């Protein structure tokens with residue numbers, strides 16, 4: 001009785017410490033059936049603990065097995081089927097049978113090699129794309145933890161600055177570089193100030209449209225626009241747009257300042273390339289206009305003088 005309890009304690013401790021890649025897919029009862037007939041060749045005695053150590057060495061702690069198990073989301077079931085196809089025939093064959101450790105070593109190593117070859121051909125994960133978002137398709141299966149590792153990025157993306165003149169059209173796209181599920185819901189929100197605090201925003205639209213458009217922007221529409229993407233009520237990513245609408249009067253004022261600055265800017269001093277000076281076009285036009293005006297005034301005065309002389313000759317005193 002004492003020997004049985006001792007074996008049971010050893011078996012329980014081994015099961016607890018061996019929760020890694022092999023235990024992700026193979027049931028504990030099947031592992032027990034596999035290892036109960038394990039015989040140490042050197043001592044010709046049954047040793048269950050040595051069998052589990054062999055499983056750890058060949059499967060659970062082998063880097064090649066762990067790397068082969070890093071598949072994309074949705075392929076963990078395929079991974080399980082591959083491993084069970086290699087292990088379960090050995091379990092059924094060794095169940096309630098005594099086999100030497102050399103036989104265990106040979107059969108389990110062959111099963112591990114076959115698993116590595118088959119699992120390595122499965123689609124790999126596309127990878128995590130920084131800097132933000134819960135990237136469902138980017139997660140990778142971890143044989144050590146028996147679950148998918150997330151990309152561990154924050155949900156909030158860095159804000160994007162947008163500046164537009166009053167009465168002009170502006171658009172904001174709720175787009176991300178990673179794949180999204182097909183059942184996403186997009187919520188657009190607005191806050192008057194520059195913020196990322198959820199309580200400062202008011203909902204604007206809810207639907208599936210990734211585009212938010214303002215046909216004719218007004219200064220009072222300046223502020224922060226938030227786009228949140230959800231799937232099954234779980235937030236996947238939040239994008240922020242900091243919109244600044246420049247009033248028309250301010251635009252004209254800035255334009256006038258630029259014109260004045262250009263007019264007052266001194267002309268660059270360059271050594272003359274010719275011996276005579278060429279006037280600027282604007283000054284030349286002014287001079288020509290003044291000259292033509294003087295000519296017309298002179299002609300007018302001459303005509304008036306000629307008319308007066310002719311009148312005096314025709315009507316002598």
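Yeah, the Cβs are placed from backbone N, Cα and C, and that goes for glycine too.
29 is the residue among 29, 312 that Swiss-Prot describes as N-linked glycosylation site. Rounded to a whole number, the distance between the Cα atoms of residue 29 (N-linked glycosylation site) and residue 146 (disulfide bond) is 18 Å. Note: the Cα of residue 151 (disulfide bond) and the Cα of residue 132 (disulfide bond) are spaced 9 Å from each other. For the disulfide-bonded residues 151, 227, the largest tally of other C-beta atoms within 10 A is found at 227. Applying DSSP to the domain 'Ig-like' (123-237) sorts its residues as follows: 6 helix, 49 strand, 60 coil. Residue 29 (N-linked glycosylation site) sits 10 Å from residue 35 (disulfide bond), counting Cα to Cα.
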